[in-house]
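Pulled from Swiss-Prot, these are the features on record:
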BINDING   GLY54, PRO55, THR56, GLY57, SER58, GLY59, LYS60, THR61  ATP binding site
DOMAIN    22-262  domain 'ABC transporter'
Amino acid sequence: MACERLGGQSGAADVDAAAPAMAAVNLTLGFAGKTVLDQVSMGFPARAVTSLMGPTGSGKTTFLRTLNRMNDKVSGYRYSGDVLLGGRSIFNYRDVLEFRRRVGMLFQRPNPFPMSIMDNVLAGVRAHKLVPRKEFRGVAQARLTEVGLWDAVKDRLSDSPFRLSGGQQQLLCLARTLAVNPEVLLLDEPTSALDPTTTEKIEEFIRSLADRLTVIIVTHNLAQAARISDRAALFFDGRLVEEGPTEQLFSSPKHAETARYVAGLSGDVKDAKRGN
């Protein structure tokens, strides 16, 4: 078995957040004996955007993947603590496919399936049998329209998605994720490989999604985090250094590591620690 749980269950009372939609509770995890995250506790409010920030290797992407159980099959993966979705441990879901319907994920680079544009949008809808077949086209049109891609593809729904531009492929993947009506949307640097125009379009759309979803985004782009998120969190060396309202974290951080990072001076964790 690739995934091993260490220690007992943890209680949600350790998380300082009012009825979060999702929460990590004393989460520690690692691979092959190396600790990657250490005692992380934080809540993600419903209908809000939370940005996860930190230098490369800080643990933020591993944390995001854990929220979707993407690390389960990685050799040597061990964890203790818990992650709660609506108060229920995500590790107690036997049907991982259903869990991932509720917690969708968009990756750094587009990953369309090797099937038609239409079939890409409907892949999850078919797998979960969400609507009758006669409603398939309506679902596809609604989601493609929502992400601003319908006009560009409506006359070539049977085409390969690999004929689309990189930005269009990412929008297609977003439409596919939203087609199964997730409650939480995880985004792993979704605009890092895109042009400024498509980036702006996706950022605006992310903000609109917060009206109905819990959105959690990993980003190295400080300006992006400031623009789109309601809350932000900073990771350093596997630790959650600070989290709170985005404006507060940028304008009056509580920790020296945070101050250095938002000022663009980070990169050496040891140097940041000397400033404490």
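The backbone N, Cα and C atoms fix where each Cβ goes, and this holds for glycine too.
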Task: Identify all same-chain residues not among GLY54, PRO55, THR56, GLY57, SER58, GLY59, LYS60, THR61 whose C-beta atom falls within 8 angstroms of the centroid of the ATP site's C-beta atoms; report them in sequence order.
output: PHE235, PHE236
Field: Fewest-neighbour residue among binding-site residues, criterion Cβ within 10 Å, set GLY54, PRO55, GLY57, GLY59
entry: GLY57
Message: When DSSP is mapped onto helix/strand/coil, what comes out for GLY59 (ATP binding site)?
response: coil
- request: Measuring CB to CB from SER58 (ATP binding site), give everything in the same chain under 8 Å that is also at least six residues away in sequence.
  value: PHE235, PHE236, ASP237, GLY238
Statement: When the binding-site residues THR56, THR61 are compared by other Cβ atoms within 10 Å, fewest goes to THR56
- request: Could you say whether, by DSSP, GLY54 (ATP binding site) belongs to a helix, a strand or a coil region?
  value: coil
- line: Restricted to the domain 'ABC transporter' (22-262), the mean pLDDT of the model is 95
